[in-house]
């Protein structure tokens, strides 16, 4: 008596193969749909905005007249913002991650902190904007300066950087730590010489992706009250400024048809900005990647 | 049993000498949380000898060797009581820093664990963290350590290559050389050949025989033939206790405890 009857198995075979093919098709359709949406979006923006792209667009300040409107203040403003956000968030984030992974004792308090850092990564950016408004803009009287906006953005992306850095540090094999500590190295020497070099690709990739999120965020800047039309460049971190997403948001919400073109051109600039940052992340990952 | 006996006849008899103690363990107890892993351990380990620690899995032999350089404390929830005197000083004393202890006591781990750095930087790591910066001195330490670990001839022309490019057996000898580079007094080896092929194992065993002239060696091993071949003294651990500790010859030819006899004759474990 055999339980598996070859005849029946063969008979059922066709049905199984058909189901397999159907699901393959469904999954492919899902991928194609996403790709299609992306392509349409890119196509519309590029065809719409390309005509307005020129050196003048990069060199002009914002204007009431669409043909004169430029993105200079926003572009430089976004660069200033990054100059504040990158060091603040990376130093704080990597420092916290090192503390949590290497120094902190495993107890209920640290488990609670870890859990909540992950939760913070999911808090809407508007909430961080309100926090920044209360603390940096008002309590610290920083006004709507680059520093206030930079600190707010740093808070926003800090959880992401901490979690990414923790993951990177945790993926360094325990054997390497043991080897270093077993030779009488201090924790700090082990962190600097062994753990950070091995974790740096992961840390940098995570940080750069978090920074590109900060570049594209609009809500916190609106809540803080960053102005849109600015006819000067900031000379320091205490000056006010405007940033790419805010500028684009303003142009896109104007009634005149011509400003839609200007907004599309702004989006192209923002996308190039993001593309450059993501490419840097990929390059770093490929360059430093080590296998164990 | 036959293999063990042939190994024994080849070895020179151990001479009773009045060697100094390097590690004197008194009434050591260790808990992982509620799990009582080491129970009332008393062991007197002599210098310039190879002391083997054998026993079935989970008997506490790895825990014990990791206690000797306090690496066991990296596991959260570890508690200890009792004393371990290293050269007459209790290693659990508050003013005895683990870093200081570990510069005197080198360790070789179960799995070869070189750093993802060049061979040279692997060996120079220990001296560097202890503040030696002089290139000439570092060069000499690297050569001396690699010669000491019997791997100099194989790697002298490729010191700049990543240590990961070496075979497993070579990597383990790099790790031994790395431990030698801080010029320790004791070398702890936690099943150093368990991940290696027979030929690499043989090389490491020969190396241990060489090293005992200058260092005291404590080696945990799963392999009883290995303990019989290379050690002077053997401690048999079972369920966190030392059942028997004696000259290796005595342990393997005339054990006084029935459980030791059962274990070495392969009746369990």
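Glycine is treated like the rest: Cβ placed from N, Cα and C.
Now, the feature entries from TrEMBL:
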TRANSMEM  A:21-46  transmembrane segment
TRANSMEM  A:73-100  transmembrane segment
DOMAIN    A:75-280  domain 'ABC transmembrane type-1'
TRANSMEM  A:120-140  transmembrane segment
TRANSMEM  A:146-169  transmembrane segment
TRANSMEM  A:190-211  transmembrane segment
TRANSMEM  A:261-284  transmembrane segment
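Long-range contacts of the transmembrane segment (A:190-211) within its own chain (CB-CB distance under 8 A, at least 6 residues past either end) are made by residues 82, 85-86, 89-90, 93-94, 97-98, 102, 157, 160-161, 163-165, 167-169, 171-172, 176-177, 179-181, 277-278, 280-282, 284-285, 287-290. For the transmembrane segment (A:261-284), same-chain residues at least 6 beyond its ends with a Cβ under 8 Å from one of its own Cβ atoms are 44-46, 48-53, 57-58, 66, 69, 71, 74-75, 78, 201, 204-205, 208-209, 211-212, 215-216, 244-245, 247-248, 251-252. The listed stretches are A:21-46, A:120-140, A:146-169; of these, A:146-169 has the most Cβ pairs under 8 Å to the transmembrane segment (A:73-100). Cβ atoms under 8 Å from those of the transmembrane segment (A:21-46) belong to residues 264, 267-268, 271 of the same chain, restricted to positions at least 6 beyond its ends.
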